Amino acid sequence: MSAAPLVEMIGIEKHFGGIRAVDGVSIDLHRGEVVGLLGHNGAGKSCLMRILSGAMAPSGGEIRIMGEPVSFTEPNDAREAGIETIYQTLALADHLDAPANLFLGRELKTRFGNLDDRAMLKAAREVLARLNPNFKNLGDPVSSLSGGQRQVIAIARAIYFDTKVLIMDEPTAALGPSETAMVAGLIKELRAEGIGIFLVSHDMHDVFELCDRVVVMNKGRLVGSHAIDEVTKDDVLSLIVKGELPADWSARNLTQAAQHA
Amino acid sequence: MSDASKPASEFGLSGMIPAGVSLHRLSALLTLCLLIAGFALSSPAFFSINNGLTILLQTSVIGLLGIGMTLVIVTGGIDLSVGSVLALSGVVSAMAVKAGVPVVPAMGAGVAAGAACGAFNGLVITKLRIPPFVATLGMMLIARGLALQLTGAIPISGLGEAFGLLGNGALFRVVEMRPNGFPNVIFPGIPYPAILLLIVAVAVAYLLRRRQIGRHIFATGSNEEAARLSGVRVDRTKLYAYTMSGALAGLAGNVLMSRLITAQPSEGVMAELDAIAAAVIGGASLSGGVGTISGTMIGAFIIGILRNGLNMAGVSAFIQQIVIGFVVIGAVWIDQIRNRP
Ligand SMILES: Nc1ncnc2c1ncn2[C@@H]1O[C@H](COP(=O)(O)OP(=O)(O)OP(=O)(O)O)[C@@H](O)[C@H]1O
Ligand SMILES: [Mg+2]
């Protein structure tokens, strides 16, 4: 590989008291690559992603962005490095409306430093229409919106700004079929633009349709990293559930992948 | 409904116009009108100009405290220290005057002392991770203790006429000298405290509606973790709110002490409850993320008029407490009903 990867996470650790939520995990992500991150509930996927987005401090390990070691102390640091995140919890302020949430922390301002609500509304209308043409109630507090609409706001917020790395933690969990298809299309579009994407998902179908590579975590450890055409759904399922590939898989492939990671 | 992000047309005192006003504020406004009508009928003296001025003065103190309290409550916190900080600030100003500092910088020092108390609250809450209730309860004792210790619990009087100007002066006051040498007030003018309250209310409403810090105050109270993940500097936002609350308590203290032309270290006991009541009656939610300055102003007037009207009607201070206690519970109850899905 000539250019340094967009993201390298090396030997990341996260401990909560005695629990090893993330246990020496190393992964990387390249430009225009979609990496699926899979694992059982509580495997540590969200923790790993939150460490990359600056929302959680790692107990150990190193992060490099385009070859440069970085240390994120707050989400703003990661955002400045071009890392945008759609959190599993969506991270929306319930009492604010969609435009206010979209621009939260990065509000547009007028010449006098006032909030430019008109510009934010206009921009929000455009970016939301791209994801869901039926999105009308932009002035309502997001607490009164449906789960899918809320998710669309969280997605819109992550793609609106100048993004290099996109972390999507179960972005389609609350979406209907047409919105899910829209997000799938969006992921392909963003990949074509050269954006690197971590996609956390439990949906095997989505993962196989969208990802170039799958990375599987089991009980905090990385148990496999494979090009998508190297494995079948059953192989991945076995990695998720048992933490290892089926017995008939050649062991040589596995050690090679582990060294690579 | 929170209209934290409504367009510019609806900030500040223009929010008192029924159009676009939330149900809660409308009912508060209605309560206010009913109170005024009721007291006017029960006591003719209630509607006199002099009494109107008294109400304005009383309300300006509650209002200033209430505005600061609203900022804090919107972040999801509470500030129990404002009554004590009010006293400490007045004492600091008076001591500065006694030390020979001119009145304006002396009062500035008092307000700065209030802001420092508020900043201390904010730091304790954000850095030591102490819940606001406990942190500001501590400050309530610290500031009161300081005020009493500094003065030896003896009021500081003889502060000079200039010190009394802020609390007793008025804009456009017309006074005519009678032949017998006594002044005759033709038009009492607009008291300075009322003007001060108006300016502060408009400024803070602008801050909440139109500035980034205001947006962040709402976001912090609405969902602190979401705000943090969105890049809002939650700690800095809270520090700002508590510092503002302290500074406004300092300002209120100076207004009050100036009116008395005496620094009373024991002044403002339980004033924090009036401030909280004003904010809650005005629609601020104690769970954060909701509140308006116009609502708080209505709340402050309700408390001020209730106190004054009950006084005029000869109701004892004890009964007044009981009444106001019920009013606060009623206001929160209405809030609960309103928020029920
Ligand atoms: N703030 C926290 N404090 C203590 N333990 C935590 C915390 N956050 C996560 N954990 C623990 O870390 C482990 C990994 O959690 P994580 O959220 O990363 O799982 P996940 O792989 O995202 O699961 P899911 O598929 O359910 O989203 C879990 O055992 C969880 O209990
Ligand atoms: Mg998760």
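Every residue gets a Cβ built from N, Cα and C, even glycine.
These figures come from a predicted structure and were not determined experimentally.
Feature annotation from TrEMBL assigns transmembrane segment to B:26-47, B:53-73, B:103-125, B:146-166, B:186-208, B:239-256, B:276-306, B:313-334.
The stretch from B:239-256, B:276-306, B:313-334 that makes the most Cβ contacts under 8 Å with the transmembrane segment (B:103-125) is B:239-256.
In this chain, the transmembrane segment (B:313-334) lies out of contact with the transmembrane segment (B:53-73); the count of Cβ pairs under 8 Å, excluding pairs fewer than 6 apart in sequence, is fewer than 3. Highlighted: of the candidate stretches B:186-208, B:276-306, B:313-334, B:276-306 has the greatest count of Cβ pairs under 8 Å to the transmembrane segment (B:26-47).
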